[in-house]
Amino acid sequence: MNTQPTRAIETSGLVKVYNGTRAVDGLDLDVPAGLVYGILGPNGAGKSTTIRMLATLLRPDGGTARVFGHDVTSEPDTVRRRISVTGQYASVDEGLTGTENLVMMGRLQGYSWARARERAAELIDGFGLGDARDRLLKTYSGGMRRRLDIAASIVVTPDLLFLDEPTTGLDPRSRNQVWDIVRALVDAGTTVLLTTQYLDEADQLADRIAVIDHGRVIAEGTTGELKSSLGSNVLRLRLHDAQSRAEAERLLSAELGVTIHRDSDPTALSARIDDPRQGMRALAELSRTQLEVRSFSLGQSSLDEVFLALTGHPADDRSTEEAAEEEKVA
C-alpha cells in the first residue's frame with residue numbers, strides 16, 4: 001500500500017516579520033505532490049522568504065508549515081532529507097570542471113567515489129553537457145551554468161525541488177532547455193515549487209499557481225481557472241498606425257461602455273467585454289469610420305492581465321536587479 005503523503009507542502013497562517021513588517025502575513029498553501037506548483041507575485045511579495053522558510057533556511061515567526069507531513073520547525077533534518085533548493089545564482093565552484101562539481105556534490109551527499117563519478121556522468125549526459133564535462137565552470141555560458149546548478153541539486157533525487165527564479169537572465173533557447181529539465185523531473189516523480197518573474201514560464205510549466213501579494217495568497221488555481229476568474233472575454237486589436245489610436249479609443253469606449261486599455265505597442269488597444277457580440281459591433285463601427293484595423297482577436301484573458309488585475313502591477317514592472325534584491329535580509 002502506498003503511504004506517500006498526497007500533499008507536498010501545507011502551510012497555515014505562516015508569518016515572517018522583518019523590522020516590524022510582515023514579509024509573509026498569514027500565508028496558506030496546499031501543494032499536491034507530483035506536480036509543478038508556481039508562486040507568482042510582485043517584487044517584495046514574500047516569495048523568496050516563503051521558500052526559505054519551507055526549506056528550513058529561515059525560522060517562521062508564526063503559523064505552521066509541513067513538507068510531506070513533517071513540520072519545518074520541529075523536524076528540520078527530516079525535511080532537509082526530502083528537499084533540494086536551487087535558484088538564479090549558481091551554487092557551484094567556478095574553479096572546478098562540470099564533472100568535478102557534480103562528483104564533489106555526490107561525495108558531500110555520502111556517495112562513494114565510484115558512485116559519485118557514475119552519478120556525475122549520468123547527469124552531465126542527461127543535461128546535455130557532455131561536450132563540456134571537462135571544461136572549467138568559468139568557461140560555461142549562463143544557460144550551461146544554470147543546467148549544471150540544477151543537476152547539482154538533484155545528485156540525490158529530491159522528493160521536492162525548490163526552483164527560485166531559475167531562468168532569470170537566460171536567453172530563450174536556454175530557458176526552453178531548463179523547462180524540458182523541469183518537465184522530466186516531474187515525470188520522474190519530483191514535486192517542483194517554482195517562483196518566476198516570467199508569466200509565460202508559469203503558463204508553460206505550472207499545473208497550479210498561487211498569486212501572492214503583501215505576504216498573502218490572493219488567488220490560486222490552474223492557469224485556466226485564473227484566466228477565467230476575470231469573468232470576461234478580451235478584445236485585442238492593432239491599428240494600421242499609432243495616429244489612429246486616440247480616435248479608435250474614443251469610439252470603442254462609446255460603443256462598448258468599458259475601459260479601453262492602451263498596450264505598450266502604440267498601435268494596440270484592448271478591452272474586457274462580457275458579450276463577444278459587443279466586440280463584433282465595435283469592429284463594425286470602426287470599419288464605418290474608415291479606421292483601418294490591422295488585426296484583432298477575441299479570447300480569454302492572458303496570465304499577464306490576470307496578474308495586473310489581481311496585484312495592480314504589470315508583470316514586467318520590475319528589473320532583474322530588483323528581483324535579485326527581493327526580500328534581502330540583514
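Note: Cβ is positioned from N, Cα and C throughout, glycine not excepted.
Taken from Swiss-Prot as is:
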| type | residues | note |
| --- | --- | --- |
| DOMAIN | 9-239 | domain 'ABC transporter' |
| BINDING | Gly41, Pro42, Asn43, Gly44, Ala45, Gly46, Lys47, Ser48 | ATP binding site |
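This view paints the features noted in Swiss-Prot onto the structure.
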residue : record           : Cβ within 10 Å
Gly41   : ATP binding site : 26
Pro42   : ATP binding site : 22
Asn43   : ATP binding site : 15
Gly44   : ATP binding site : 18
Ala45   : ATP binding site : 25
Gly46   : ATP binding site : 25
Lys47   : ATP binding site : 26
Ser48   : ATP binding site : 23
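When pLDDT values are averaged over the domain 'ABC transporter' (9-239), the model yields 91.
Taken residue by residue with DSSP, Gly41 (ATP binding site) is part of neither helix nor strand, so it is coil.
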